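Peer 1: Here it is, the structure, as structure tokens.
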Amino acid sequence: MLLRLISPLMNVVDLPMRALQRRLGISRLAWVFLLPNLLLFGTFAFLPILLNFAYAFTGTDNILLLDRTFVGAENFAQLLDCDSYLDPNTCARDLFWRAVHNTAWFIVMQVGFMVGFSLLTALVLNREIKARGFFRAVFFFPVLLSPVVVALVWKWVLQRNGILNAGLEAVGMDSVVWLLDRHWAFFWSVFLSVWAHMGFYTLILLAGLQAIPRDVYEAAVMDAAGPWRTFRRITLPLLMPTMLVVMVLALIKGVQTFDEIYAFTGGGPGSATTFIIQYIYETGFGGAPRLFGPAAAASLLLALLLVALTVIQLWITRRSSNG
Amino acid sequence: MANVTAFLTRTRGRGRLHWTDWASYAYLALGVFLMFGPVIWLVVSSFKTQAELDRFPPRFLPYAPETVQLDGHAEPLPLFRVTDGPLAGETVAQVRRIGLTSQVVRPEAPGEVVKINRADRVPVERVKPALENYRTLFERFDFMRYFWNSTFITLTATAITLLVNSMAAFALAKYEFRGRGAVVALVIGVLMVPQSVVLVPLFMVTREFGMLDSPWGVIIPGAATPTGVFLLRQYMLTIPDEILDAARMDKASEWKIFWRIVLPLSAPAIAVLAILSIMWRWNDFLWPLIALSRSENYTLQLALNSFQGEMRTEWSSLLAMTVLTLLPVALVFAFLQKYIATGIASTGGK
């Protein structure tokens, strides 16, 4: 149906493309095919990367570059102005450092639990179990849910009169206002994040497990190696490259955590679950004055971190795919 | 029964279940509970009346009070079962409630009002989904507008992404030309810097194009995805050049070769990218949050988020809206689960 609709359109495009082909020759026609994509990349990805520097080194809340004043490294100096980097309260932009601290703790815990539970789940799913497809789907489906839906699902479970509190009271414990306590809010943020994304990493690890040749295990059985020894000596070393990819991927995504936590806690209580992207969002777009300079400077610092992580990831992927 | 037990405890030939098998199934059962439980709880709750939602501790199924329509009363009257007193054991309809007593009538004799103690009656209830939660959504809130905004953005963006990325992938896979390495490097470079770290300049560029606060401001900036180019290029590399050369012998134009030969042959990779793009767009949040400011332009995700901010306590509509937002994804998942899983695993997410 759809094809029949597009087909005449594509035939119309054929005429100018044929003319271009006669004009340019086949090899230069490649650029014509690339053009739309490159225009979009250039305008909405590459240009912004360059412009980000311009914003990071200029001040005032004006979005038009020409109306902004050059301030040198002022934005960075303010962001990095701290008596002690370990204590956000001593920093000029304390919220930024609080966000940095939160993000650091968040990724340490989130990546740890994520890799741990994904590995456990992948190991279980790799066994000869019944209805494997169903169980795989069970762990995977939250990956597809939108961040706002994930946040609301858990908000509803955790709300004051929610089912979790009902369960606690049923066994004689006191109910807790989960999202108004900073430690619990942080815990549930990590939990929600692992819950929502675990299936994705499980899938990658499962593929890694299935790539381990069967005969290695058969040899282990011959040598009468126990399950624990087989895991330590065979599964884990052979799975290590995949584990590394999973870890770095989880790191890259963890650093950029925003959507579901913003919808879940709004960054609160206080700033207990405010992460770096939320700091950038609120500094630049949250309300007047729109501090584009500091937002861009913080983005730049984050971008540097991400580039470093991606380079590591590409390096690992290349090394492991080359054997 | 014995058959079922035998079936469930059957293992790979060696008779009894090893303790690790028990542990595995226990873990999986816990997984099903933790993964499905909260979503099912949300869906069931969305069919409850606000009164039932406020109830603590909650009950699993949506109950609603049973009512009866009697002559002489405009409104349907709630039914109660009397537990004590002269009418004990009978089912009555409550006409009015005054302090600790309630005035009731028997449905068989609607004219004869009896006073009973409020403590001596329990409401008659039955399981009944409160569909009005969903009805309100369409009547009081502009649900269809948000749904349409999301659908329009998702479909248009996916169409543009597929066309533009497949053209670029074709050029990078099937032509030798100077500067190809540079283009590939550029694409990798863009891959490293996600949208979320160039928000300020992206905002400015989008504003200069006059696309702020319009669906196009959401569609266009993300239309060319490096992931998409890579995915398609890798697949197109596997198409033998001989097929293309044969077509050239038959005087096919390059565009025809792209459109008639390479695209149809790349259908599996295109399908994967289409599914991924639909998912990304439908669930997209941060950029639309910045690019769209008037609520009439909101996508479903933005509407849902602002909705939860506005009505902190009115969960009944909020839950219904969450379910409707979740529904398309659930349907797509049910039908395309396998493709989605392989697609995501092969691209490393985004």
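Glycine is treated like the rest: Cβ placed from N, Cα and C.
Take a look at what TrEMBL says about it:
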type	residues	note
TRANSMEM	A:29-57	transmembrane segment
DOMAIN	A:100-313	domain 'ABC transmembrane type-1'
TRANSMEM	A:104-125	transmembrane segment
TRANSMEM	A:137-157	transmembrane segment
TRANSMEM	A:187-211	transmembrane segment
TRANSMEM	A:231-252	transmembrane segment
TRANSMEM	A:293-316	transmembrane segment
Peer 1: Which listed stretch (A:29-57, A:187-211, A:231-252) has the most C-beta pairs under 8 A with the transmembrane segment (A:104-125)?
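Peer 2: Checked against A:29-57, A:187-211, A:231-252; highest Cβ contact count belongs to A:187-211.
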Peer 1: Please identify the stretch among A:29-57, A:137-157, A:231-252 with the greatest number of Cβ pairs below 8 Å relative to the transmembrane segment (A:187-211).
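Peer 2: Between the candidates A:29-57, A:137-157, A:231-252, the best contact partner of the transmembrane segment (A:187-211) is A:137-157.
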Peer 1: For the transmembrane segment (A:231-252), find every same-chain residue at least 6 residues outside the stretch whose CB is under 8 Å from a CB in it, and list them.
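Peer 2: Contacts of the transmembrane segment (A:231-252) (Cβ under 8 Å, skipping residues fewer than 6 from its ends): 107, 110-111, 114-115, 118-119, 123, 197, 201, 204-205, 207-209, 212, 216-217, 220, 225, 306, 309-310, 312-313, 316-317, 319-320.
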